[in-house]
Amino acid sequence: MKLFLALRNVAGFRSAFDFGARDVAHWFPGHMAKGLKQMRANLKNVDCVIEIHDARIPFSGRNPVFRETLDVKPHLLVLNKMDLADMSQKQRIQNQMHRKGVQNVLFTDCLKQRDDNVKKLVPKVMEILTDTPRFNRDENVDYCLMVIGVPNVGKSSLINSLRRTYLKKGRASRVGGEPGITRAVLTKIQVCERPMMHLLDTPGVLPPKIDDVETGMKLALCGTILDHLVGEDLIADYLLYSLNRQQKFNYVERYDLEEPCDDIQQILKRIAVKLGKTQRVKAITGVGNVTITVPNYNAAAYDFIRAFRKGELGRVMLD
Ligand SMILES: Nc1nc2c(ncn2[C@@H]2O[C@H](COP(=O)(O)OP(=O)(O)OP(=O)(O)O)[C@@H](O)[C@H]2O)c(=O)[nH]1
């Protein structure tokens with residue numbers, strides 16, 4: 001990164017984001033009751049609940065409802081997508097988690113072919129279970145896990161990664177299934193041989209907990225709320241605000257800008273021009289019709305957000 005960027009006075013950037021009078025009530029049209037009911041029905045078969053969340057937002061959006069319903073079971077919090085997160089903040093996050101009573105935290109990258117952290121999951125679960133008396137199932141040596149989390153945090157990827165790591169197998173295939181009970185409810189996926197460990201095959205999708213507009217915006221940025229419900233222009237603006245606040249200026253080089261800027265319209269215009277995302281439109285003026293070139297702001301916002309989600313604009317910690 002160029003020196004002038006590192007030395008740049010950030011005083012010119014926004015210190016707060018103006019959310020206007022937005023209402024987040026409709027940002028996540030989830031079907032929580034149904035999901036939770038199904039999870040509760042499965043709970044008697046579960047030894048440990050694996051809650052998975054996005055490492056860039058370790059606190060925002062985690063749904064506490066499951067705790068009231070599912071917290072009777074031992075619990076491991078997996079913070080996934082660590083490859084996209086600013087891991088220099090790891091210790092702070094862990095300390096804060098401990099203060100909140102979350103003792104068991106594991107950071108993972110489930111896209112990595114072999115992730116040493118995913119490899120720690122089974123030993124970690126065994127450690128947690130050894131410290132917790134198992135409910136009337138002491139004779140059973142087949143351990144069962146349930147993976148839960150808000151959408152798009154990597155629940156399926158974790159299952160596949162566990163199978164790659166422990167069974168040297170590719171995509172999850174279903175095993176088991178019991179007569180008389182819906183396949184979707186009791187089908188299990190094996191993830192480890194020694195100790196024998198299964199996962200319930202339907203990852204529990206929880207709606208995120210959206211406390212306020214900023215929480216909603218962070219969830220949207222990380223792709224857990226459908227973009228169109230929030231608006232890509234707004235997400236792009238919040239992204240720019242976040243990158244500038246954290247002094248993550250990779251976007252300057254990626255889009256050939258001269259320097260960081262806090263004006264999303266200007267940024268999107270430059271991105272559109274760089275990507276050739278412009279349109280020729282007719283405009284009526286006082287002296288007749290002229291054809292002018294206008295930037296496609298939507299296409300530019302789309303590229304900006306996608307680049308961030310792929311980690312191309314730097315690693316961040318949004319909480
Ligand atoms: N960079 C990165 N991307 C990941 C990681 N894990 C998953 N992803 C990506 O995140 C997206 C969602 O992953 P899934 O495994 O489908 O997430 P899910 O929680 O099962 O999603 P839902 O079924 O919608 O709830 C996919 O594009 C994955 O490739 C990770 O550790 N790092």
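Just so it is clear, glycine is given a Cβ too, placed from its N, Cα and C backbone atoms.
Annotated GTP binding in TrEMBL involves N80, K81, M82, D83, N152, V153, G154, K155, S156, S157 plus, out of the candidates G101, G204, the residue G204.
For the binding site of GTP, formed by N80, K81, M82, D83, N152, V153, G154, K155, S156, S157, G204 according to the record, the largest Cα to Cα distance is 23 Å, rounded to a whole number.
Secondary structure from DSSP puts M82 (GTP binding site) in a helix.
G204 (GTP binding site) falls within a strand segment according to DSSP.
Contact annotation for binding-site residues (N152, S156, G204) versus ligand 1: N152, S156, each with CB under 6 Å from a ligand atom. Considering only the binding-site residues N80, N152, the Cβ with the fewest other Cβ atoms within 10 Å is that of N152.
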